[in-house]
Amino acid sequence: MFKIKNHAVKESFKTAYITEQNYQELYQESINNPDAFWAEQAKVHLHWFSPWEKVYQGDFAQGDVAWFVGGKLNVTYNCIDRHLPTKANQTAIIWEADEPGQSLIITYQMLHDHVCRMANVLKEQGVKKGDRVCIYMPMIPEAAYAMLACARIGAIHSVVFGGFSPESLKERILDADCSVVITADEGVRGGKFIPLKQNTDAALEHCPDVHSVIVIKRNGGNIAWKAGRDIWYHELAAKVASSCPPETMDAEDPLFILYTSGSTGKPKGVLHTTGGYLLQATMSFKYIFDYQPGEVYWCTADVGWVTGHSYIIYGPLANGATTLMFEGVPTYPTPARCWEVVDKHNVNIFYTAPTAIRALMAQGREFVSNTSRKSLRLLGTVGEPINPEAWEWYYHVVGDGRCPIVDTWWQTETGAILISPFPGASTLKPGSATKPFFGVKPALVDNNGQLVEGPGSGNLVITGSWPSQIRTVYGNHQRMLDTYFSTYPGYYFTGDGARRDEDGDYWITGRVDDVLNVSGHRMGTAEVESALVLHDAVAEAAVVGYPHEIKGQGIYAFISPMHDIEPSPQLEAELRSFVTKEIGPIAKPDILHWTPALPKTRSGKIMRRILRKIACNEFDSLGDTTTLADPSVMETLIKNRQT
Ligand code: ATP
Ligand code: MG
């Protein structure tokens, strides 16, 4: 196995917050003495209006965990006000528009004023503590202001990704029972306009409880207007004060609701609260990205996903960092865009998803090598298992072999990163998320719930609570208990499968629902896919099982070729023997299906549950397809199903 030892080459990580020496010590302390550990961290990292009475209470069976019980704080006080004495003129947000050449700098003082104005506008619309506000926005600074404005006054935000359809928006507004929507006239992404206001109008035909729609003018597009309901943000913002006192919130008051990506089924409205969530977002950002004062950090996620919540907005701002918000997509106007933005703003830390890395890798390396990227110090990835091939490309081509990669495993439900390397402490292994964060006790259990000891594979569970844990599925507490706490009683069940190696490092092997069972051999999808992606002709691969008379399950592989590759029977034979060589004959795909695109969620994850239905010829029970980024991909795959 290829390992990269602690980047001895990398001078700048010698002085990292977390080093080989203190990781073990701190981790042991966090596990042996969790209350004392978290109390200390909460004091160091956050400002509290008044202290808590108890660090932790509750249990998994009831799903009633609470952290920092009785403590009072405000998220925006922590993300903005406390930085003002020293950082009023420091950049809080760098905004890079879809169109190259346009960007904005927002200092902490400006952020304060914008957030307060938006908070005052919300108050004028009658929004009170505990009310739900839907945010359906493009990636513009006002999306950040909107989230923070809610947090300022204690309203609960529910951000819906701006790429969702009116139908999906409607479902989420109704499910969270929102009374106000904040949107923009139009979004701009990859040179295309997205009719956000028009989508909102369509959604709201079925949402009688929404009384106000606050509209940001992004593009000046022609939009319909409903008097008495619709309000131009800039008109109201000009009339309100630029200060607004932060509401005093209980540590367990809800901060936001966020729907999961919908990779495995109908999205769940995950509810996070104030104190524990903010603490873990803040701490993990600082330690995992080793954020040093003055650095520029860029996470390419959208604020519509949890990564955008914890690692574009809350984690970075609570640390007084400079966070870059990008309106566009990595391939517009060319696949060099990310690296051009890195050079333009001297980005030091870059965090993206395997789907973006694979897409850029398929375009060839010239787009990367023509840029400098010398400001980069650290790279990160999240969202899916990263194929070792993509990891190597990211490390060598993007990072020039200089920058450690943190492969961060976590979920909407976990609120913050739970398994990840620390750049100054860990031995990196391409494809492994390595070790748990402080206070996190991962474990593997077999299908009977028995603990797997030592090296081995199993269902990934978490033993014991952590501060940024999901508190409930909004409006359906039973669904939370059923989904996460009843499969393996006493544990939080992640839904993911994993392998633990002889060093105790974790490798996520895919969703357990997707596990392949070929002639009695259980295999994770990630292993077979990574073997396929290793081949030079393959850009991306997704494998699923289908009924097979002899083997029980056969392997059906959907494959996207590199941009300059023509599939042929010879190439197929080569791929089969390639997988046989890499893993063994048991993993050899039975069916190969070439496709220019794979069905993905709007957050960019491969949706294997749909591919499984296609492979099994179950076209009329595809399940919830509303979270698909491009439904036409699915239709083409059905038409071209291979036998
Ligand atoms: P749904 O829960 O609605 O099916 P989802 O699980 O895709 O959707 P998210 O919460 O956005 O929604 O994603 C979390 C999942 O993403 C994890 O459970 C895991 O499967 C995958 N994941 C995230 N980061 C990593 C990583 N670094 N390595 C492997 N898998 C990852
Ligand atoms: Mg999930």
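Placed from the backbone N, Cα and C atoms, the Cβ positions cover glycine too.
Bear in mind that TrEMBL entries carry predicted annotations, made automatically and left uncurated.
Now, the feature entries from TrEMBL:
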DOMAIN    23-79  domain 'Acetyl-coenzyme A synthetase N-terminal'
DOMAIN    85-466  domain 'AMP-dependent synthetase/ligase'
BINDING   Arg189, Gly190, Gly191, Lys192, Thr307, Ser519  CoA binding site
BINDING   Gly383, Glu384, Pro385, Asp407, Thr408, Trp409, Trp410, Gln411, Thr412, Asp496, Arg511, Arg522  ATP binding site
DOMAIN    527-605  domain 'AMP-binding enzyme C-terminal'
BINDING   Val533, His535, Val538  Mg(2+) binding site
MOD_RES   Lys605  N6-acetyllysine
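Between the binding-site residues Arg189, His535, the minimum number of other C-beta atoms within 10 Å of a residue's C-beta occurs at Arg189. By the rule that a residue counts when its Cβ sits under 6 Å from some atom of ligand 1, the binding-site residues Gly383, Pro385, Thr412, Val533 yield Gly383, Pro385, Thr412. Neighbouring residues of the recorded Mg(2+) site, listed in sequence order and excluding Val533, His535, Val538, comprise Glu389, Ala531, Leu532, Leu534, Asp536, Ala537, Ala539, Ala541, Ile559, Leu575, Phe578 (Cβ within 8 Å of the Cβ centroid). Within 10 Å (C-alpha to C-alpha) of Trp410 (ATP binding site) lies none of the binding-site residues Arg189, Ser519, His535, Val538.
Maximum C-alpha to C-alpha distance over the listed ATP-binding residues Gly383, Glu384, Pro385, Asp407, Thr408, Trp409, Trp410, Gln411, Thr412, Asp496, Arg511, Arg522 is 27 Å. The least crowded of the binding-site residues Gly190, Gly191, Gly383, Pro385, judged by other CB atoms within 10 A of its own CB, is Gly191. Ranked by how many other Cβ atoms sit within 10 Å of their Cβ, the recorded positions Lys192, Lys605 place Lys192 at the bottom. Note on proximity: of the binding-site residues Pro385, Thr408, Arg511, His535, Val538, the one nearest Thr307 (CoA binding site) is Thr408, by Cα distance.
In the three-state DSSP assignment, the secondary structure recorded for Lys605 (N6-acetyllysine) is coil. The predicted model assigns the domain 'AMP-dependent synthetase/ligase' (85-466) a mean pLDDT of 97. Each residue of the domain 'Acetyl-coenzyme A synthetase N-terminal' (23-79) gets a DSSP state, and the totals for helix, strand and coil are 27 helix, 11 strand, 19 coil. Distance from the CA of Pro385 (ATP binding site) to the CA of Lys192 (CoA binding site) is 30 Å. With the fewest other Cβ atoms inside 10 Å of its Cβ, the least crowded of the binding-site residues Thr307, Thr408, Thr412, Ser519 in this structure is Ser519. Neighbour count (other Cβ atoms within 10 Å of the Cβ, all protein chains): 25 for Trp410 (ATP binding site). Listed binding-site residues: Val533, Val538; maximum Cβ neighbour count within 10 Å falls on Val538. For Thr408 (ATP binding site), the nearest neighbour among the listed binding-site residues (Gly190, Ser519, Val533, His535), judged by C-alpha distance, is Val533.
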